[in-house]
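Student: Quick one: this structure, given as structure tokens, is what I'll be asking you about.
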Amino acid sequence: MSETFTQPMMNRPGVPQVSLLTVTSNSPVARQVYRMTLKGDGVQAMVEPGQFVHIKCGSSASPLLRRPLSICDVDRKKRELTIIYRVEGEGTRYLSTLQSEDMVDVLGPLGNGFPLGNRDKADRVLIVGGGVGVPPLYYLSKCLSKRGARVTHILGFNSQEDSFLTDDFHQLGETYVTTMDGSLGHKGIVTDIMAHWPPESWQAVYACGPLPMLKAIEQHMAGAYQTEVYLSLERRMGCGIGACLACVCHTPDSAISYKKVCTDGPVFKLGEVIL
Amino acid sequence: MSETFTQPMMNRPGVPQVSLLTVTSNSPVARQVYRMTLKGDGVQAMVEPGQFVHIKCGSSASPLLRRPLSICDVDRKKRELTIIYRVEGEGTRYLSTLQSEDMVDVLGPLGNGFPLGNRDKADRVLIVGGGVGVPPLYYLSKCLSKRGARVTHILGFNSQEDSFLTDDFHQLGETYVTTMDGSLGHKGIVTDIMAHWPPESWQAVYACGPLPMLKAIEQHMAGAYQTEVYLSLERRMGCGIGACLACVCHTPDSAISYKKVCTDGPVFKLGEVIL
Amino acid sequence: MTTSAKRRLEVQLGPVRLKNPVMPASGCFGFGREYSRFYALDRLGAIAIKATTKEPRFGNPTPRVAETPAGMLNAIGLQNPGLEAVLEQELPWLAQFDVPVIANIAGSTVDDYVYVAEKISTAPNVAALELNISCPNVKCGGIAFGTDPHIAAQLTKAVKGVSQVPVFVKLSPNVSNIVAIATAVEEAGADGLSMINTLLGMRIDLKTKQPILANGSGGLSGPAIKPVAIRMIYEVSQHVSIPIIGMGGIQSAEDVVEFFLAGASAVAIGTANFVDPYICPKIIDELQSLLDRMGVEYIHDLTGMGWKHGSAKA
Amino acid sequence: MTTSAKRRLEVQLGPVRLKNPVMPASGCFGFGREYSRFYALDRLGAIAIKATTKEPRFGNPTPRVAETPAGMLNAIGLQNPGLEAVLEQELPWLAQFDVPVIANIAGSTVDDYVYVAEKISTAPNVAALELNISCPNVKCGGIAFGTDPHIAAQLTKAVKGVSQVPVFVKLSPNVSNIVAIATAVEEAGADGLSMINTLLGMRIDLKTKQPILANGSGGLSGPAIKPVAIRMIYEVSQHVSIPIIGMGGIQSAEDVVEFFLAGASAVAIGTANFVDPYICPKIIDELQSLLDRMGVEYIHDLTGMGWKHGSAKA
Ligand SMILES: Cc1cc2nc3c(=O)[nH]c(=O)nc-3n(C[C@H](O)[C@H](O)[C@H](O)COP(=O)(O)OP(=O)(O)OC[C@H]3O[C@@H](n4cnc5c(N)ncnc54)[C@H](O)[C@@H]3O)c2cc1C
Ligand SMILES: Cc1cc2nc3c(=O)[nH]c(=O)nc-3n(C[C@H](O)[C@H](O)[C@H](O)COP(=O)(O)OP(=O)(O)OC[C@H]3O[C@@H](n4cnc5c(N)ncnc54)[C@H](O)[C@@H]3O)c2cc1C
Ligand SMILES: Cc1cc2nc3c(=O)[nH]c(=O)nc-3n(C[C@H](O)[C@H](O)[C@H](O)COP(=O)(O)O)c2cc1C
Ligand SMILES: Cc1cc2nc3c(=O)[nH]c(=O)nc-3n(C[C@H](O)[C@H](O)[C@H](O)COP(=O)(O)O)c2cc1C
Ligand code: FES
Ligand code: FES
């Protein structure tokens, strides 16, 4: 496997590489949602919140492509990476069958994550997540909290059964939960809660979730020019490293200008790309 | 999986069925050769020496087809089936990675095995095996020994490193081993040893192994009309149950007459098919 | 079961009504005998039997199959017991089951096809013919019929002239313009299409340095070809008004629905029978619950939905 | 390393000599920048760059890729920065590596191709052109060139007339008679062939009931198509005397050898780069030990061995 091939820049922070990681745990945290921890030297390279890894699901030719999954947490001391994924199709179903000691072929870290900027104690920061957009925000919130920023979280799920990580977020700061059916927290969507504050009250807003949610946030924040807003996007991917052009999105500059979600993103500043 | 589908004739001896069996052991017994034991109710149906099972290697679309492997031993009390396989390509490589508790999708028992006939104490029987043709002969020899037949074994391998089951055969009766390089037993091939006895000395001869070996045995036994000679053949298979016509061989009757190795065989009486 | 529950899987292939849309594909089910050991064949929507030729055929030398990523190659070479044996033994045996037979026929001249079509279409349980104009395995055989619109149309017309039952034409995917062939055979009177037959493929053995199949090349089937089948059915169904039996790599109820969305009105399952002998009745069962989950009442409502209400074009 | 060990992977593509036969396939490697983070590009036998067109193109809307059993569909739509940017930025950047570039070019008229060919063939590190006459993704684009022998030959002749370097023609597999196209472009002056481009395919989403790709259909690549590529190269290589760059689903050194046995003189690796960014140098390393195990001294000795010494015919 890949480990035998000379990797000139092994385990250097931020530099993508292929590593074989060992599953240390893998169990359900919500309906069809699993949390997996993976251990190995390759984890040393994973530093930036909002980056993702590209995972080979099995060693056969089918499923063929890697699957992009966000880095949800990193413990560099324990050399452990956490991902949280929902079982959607063949690839994630395969992941859900893995057990401790199984090996996984991981390419990462990939992409540009959430810029932490100069966040400090004075800053009020809003983090908004929906569904399986929530995982990368956990590592982000940890990093921001470490810097002392006052972080507010709004997490949206379909229902209580689909919710996860809510306790963990509570420990990092003020946390609001919304569900479509009202089975947990507020009945409704994340922007209902956002409406409680004027958009300018935040020095920064970070969001990841389904496209309609991101569009609603874009609209809500439209006039707040002082606030830095970062949105993390999803696209079907081929290579994950910028070579195949599967994952592009338009930018406002021209009809042919574009950004690649895998390398220019997945996190973009509001307005940088057309949602 | 298949177990949920109504199988009208579950676990009836000799009737092929799909069952999920549990791996109880799987370890190397020679160079690139593994012995695997599988447990489950489906094993109750496996009764005839020389029959085979058709195994799905993994749950993905690739590798697609099942792999035919001979029944090497059956313990109906423990509901345990033994197979011995050499790692050749993708399918057997997959099997070699399985561990205790893993599940395997097995279709069987398939085919017509070795007829035990009226073998009894008075009979002298010869069993000749080559390479991975040896496994089905073990269960055959056990069945014959139970009936009291005096069994002689000749087992051919490439070298000592490739040999397996030789001790087990010794316990069942007189056993000669040949290797191509002389690293174990006689240096040479199985027919060198066969030549020590006149062909008519055997009431029955049973053989399984590579085609050149079977052809040599056919030639050696050519005049011994009193001796029942049974040969087990190999063919690339599709269905394993007689439907696809992948596995045919010609018979002497006419240009279009044929037998299917998967259902008419894999064991044929000498002369029944053209080798 | 309510009436609607019973009828939700019913489909109409022109004049032929099937209780459900799932049939084993020709050549992958023999004449049904082997699979009758696993389940009652009455459960099937129909059975497409092994290609029948005028005379019995042994077919190609072995090896006749090889494996490929998510697929397999076959070069069986139309082995079959010949028209007479099929009429006297196989079809009467199949008549014990309440299931219509689709008789796949092959030949190397128009006369061969016409001869077989005329006779076999009179068998009481043969509901339709399936003209195998695309089998890639027989040298100087079917391949030419399936790759030229004129020749395909001529053959269709000739067979239509003698057949007592509807005629489905089974198209070869190894062509530059599948729509041209499809519309030509429709004009020539075809009552429906079966698509797709196998893609031409080959594997070479590194040890012998020769093709694995004794025949050299063979027909590629299985999941690997599914996207090719979907694309062709999606295109052709927008240009013809006769029903399509879809096939190529189907392994699940989800796959069946994908073929319906592309434009199929029924499906055939080939290679998957080798992997799981119970696959056909399993998929029939699973279709019921899949339609529930999708909120679809009748499966026939799905035919062509991939393009009927969409804007995307092939 | 002995001289013979160093030279055992060398191959000659007509006038172009490569230090080893492995190159990334066009469109799967961009212009090399991304993969240069993973290994030194000098290790490659050559690099086939992303199709270049006269003007910059954005390509198709997303989703542009979908997965299929052992394969993938793409409908990128020839997105590229256009001839000028390729000449001014990409090719000069690539010139830092000791590796010949094969410039894949595309267009929708003969004039487009001629324009791009004339200019790009003068770049110092462009060793050959690869005429993409088969890209199935661009509406009214390449597809027509690749499916008609006359049109393909005309285009080849026009491009040969202006090119400063050898011209390889990349064939589409979506044709009835690949040999007819291959011999037509050989006669028109092609210096070599690249085969195969992607098969046309489609997937439909059960939830939206629409094709997954925004473009509807796309090009099927990956292991699923390997047997189709092997069959076509095996056939074509027996009818032409120009070298063939083989591609379609290569994942391992064993696959490379299979393509050589079929008739290829070099290989390109596409989709596998997405699965393992190190795949090209890995395969180059593994080829050495595979040739040892096979007892083969020079890899070029394997070209066409599948039919040269055998009796099997396609
Ligand atoms: C940057 C990024 C980060 C992501 N992080 C997470 C995460 O932390 N947790 C999580 O549960 N999901 C995440 N996703 C979505 C996740 O990648 C898909 O759910 C997953 O690829 C589905 O694979 P599958 O084999 O189960 O489904 P299938 O439908 O069988 O997949 C088929 C193909 O489509 C692609 N695909 C399907 N759905 C998506 C999707 N929503 N986005 C991108 N590709 C898709 C697959 O990668 C694969 O190539 C992320 C996606 C991106 C782009
Ligand atoms: C009736 C029967 C009994 C067998 N019993 C045994 C046994 O007890 N132990 C053992 O080690 N081997 C046995 N074999 C051979 C075994 O089936 C093959 O070695 C195995 O299928 C190779 O699969 P693979 O995926 O590892 O190799 P691959 O080369 O990747 O297989 C590719 C395809 O070719 C087929 N194939 C390859 N080699 C053979 C072969 N020799 N015979 C039949 N099909 C082949 C595979 O089934 C598969 O469909 C038996 C074969 C038959 C027909
Ligand atoms: C072993 C085998 C034999 C086949 N024989 C025939 C045949 O006799 N006539 C025919 O029209 N198609 C034949 N086919 C093609 C199938 O009917 C079907 O069109 C094709 O395999 C695609 O479906 P699948 O991927 O589900 O197998 C055969 C296919 C296989 C695998
Ligand atoms: C994402 C993607 C983009 C491609 N772009 C091009 C292209 O621009 N020009 C071209 O000639 N072929 C293009 N191809 C085809 C490949 O070069 C190659 O012929 C094909 O993918 C088969 O090889 P593979 O199975 O190894 O990928 C592309 C393929 C893929 C997957
Ligand atoms: S996924 Fe290949 S460029 Fe982004
Ligand atoms: S393997 Fe299908 S008939 Fe024997």
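Using the three backbone atoms N, Cα and C, a Cβ is placed for every residue, glycine included.
Predicted automatically and left uncurated, TrEMBL annotations should be read as such.
This is the feature table in TrEMBL:
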- D:Cys135: active site, nucleophile (ACT_SITE)
- D:Ser26, D:Lys50, D:Ala51, D:Asn104, D:Asn132, D:Lys170, D:Ile196, D:Gly222, D:Gly248, D:Gly249, D:Gly270, D:Thr271: FMN binding site (BINDING)
- D:Lys50, D:Asn74, D:Ala75, D:Ile76, D:Gly77, D:Leu78, D:Asn132, D:Asn197, D:Thr198: substrate binding site (BINDING)
- D:9-291: domain 'Dihydroorotate dehydrogenase catalytic' (DOMAIN)
Student: Under 6 Å from ligand 4 by C-beta, which of these binding-site residues make it: D:Ala51, D:Ala75, D:Gly77? Sequence order, please.
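Tutor: Cβ < 6 Å from ligand 4, in sequence order: D:Ala51.
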Student: Enumerate same-chain residues with a sequence separation of six or more from D:Ile196 (FMN binding site) and a Cβ-Cβ distance below 8 A; give 'none' if the list is empty.
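Tutor: Looking at Cβ-Cβ distances below 8 Å from D:Ile196 (FMN binding site), excluding near sequence neighbours, one finds D:Leu171, D:Ser172, D:Pro173, D:Ile225, D:Val228, D:Ala229, D:Met232, D:Ile233, D:Met247, D:Gly248.
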Student: List, in sequence order, those binding-site residues among D:Lys50, D:Ala75, D:Thr198 whose Cα sits within 10 Å of the Cα of D:Ser26 (FMN binding site).
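Tutor: Final answer, ordered: D:Lys50.
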Student: Non-local Cβ contacts of D:Gly270 (FMN binding site) (under 8 Å, 6 or more apart, same chain)?
Tutor: D:Pro24, D:Ala25, D:Ser26, D:Gly27, D:Cys28, D:Ser221, D:Gly222, D:Met247, D:Gly248, D:Ile250
Student: To the nearest Å, how far is the Cα of D:Thr198 (substrate binding site) from the Cα of D:Asn132 (FMN binding site)?
Tutor: 11
Student: What count of other C-beta atoms do you get within 10 angstroms of the C-beta of D:Thr198 (substrate binding site), across all chains shown?
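Tutor: I get 28 for this one.
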Student: Once near-sequence residues are set aside, which residues in the chain of D:Lys50 (substrate binding site), 6 or more away, have Cβ atoms under 8 Å from its Cβ?
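Tutor: Counting only residues 6 or more apart in sequence, the Cβ neighbours of D:Lys50 (substrate binding site) under 8 Å are D:Ser26, D:Gly27, D:Phe29, D:Gly30, D:Phe31, D:Asn80, D:Asn104.
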Student: Neighbour count, 10 Å Cβ-Cβ cut-off, for D:Gly248 (FMN binding site): what number do you get?
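Tutor: Within a 10 Å radius of the Cβ of D:Gly248 (FMN binding site) lie 32 other Cβ atoms.
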Student: Measure from the CA atom of D:Gly77 (substrate binding site) to the CA atom of D:Ala51 (FMN binding site) and give the result in Å, rounded to a whole number.
Tutor: 10
Student: How would DSSP class D:Asn132 (FMN binding site) in three states?
Tutor: strand
Student: Whole-number Å only: compute the distance from the Cα of D:Asn132 (FMN binding site) to the Cα of D:Ala75 (substrate binding site).
Tutor: 15
Student: Would you count the other C-beta atoms found within 10 angstroms of the C-beta of D:Asn132 (FMN binding site) for me?
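Tutor: Here the count is 29.
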Student: Please state how far apart, in Å and to a whole number, the two most distant Cα atoms are among D:Ser26, D:Lys50, D:Ala51, D:Asn104, D:Asn132, D:Lys170, D:Ile196, D:Gly222, D:Gly248, D:Gly249, D:Gly270, D:Thr271, the recorded FMN-binding residues.
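Tutor: Per the listed residues, the maximum Cα distance equals 19 Å.
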Student: Suppose we draw a 10 Å sphere around the Cβ of D:Ala75 (substrate binding site). How many other Cβ atoms does it contain, all chains included?
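Tutor: If we count other Cβ atoms within 10 Å of D:Ala75 (substrate binding site), we arrive at 29.
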Student: Give the number of CB atoms, excluding that of D:Ser26 (FMN binding site) itself, located within 10 Å of its CB.
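Tutor: Cβ-Cβ neighbours of D:Ser26 (FMN binding site) within 10 Å number 27.
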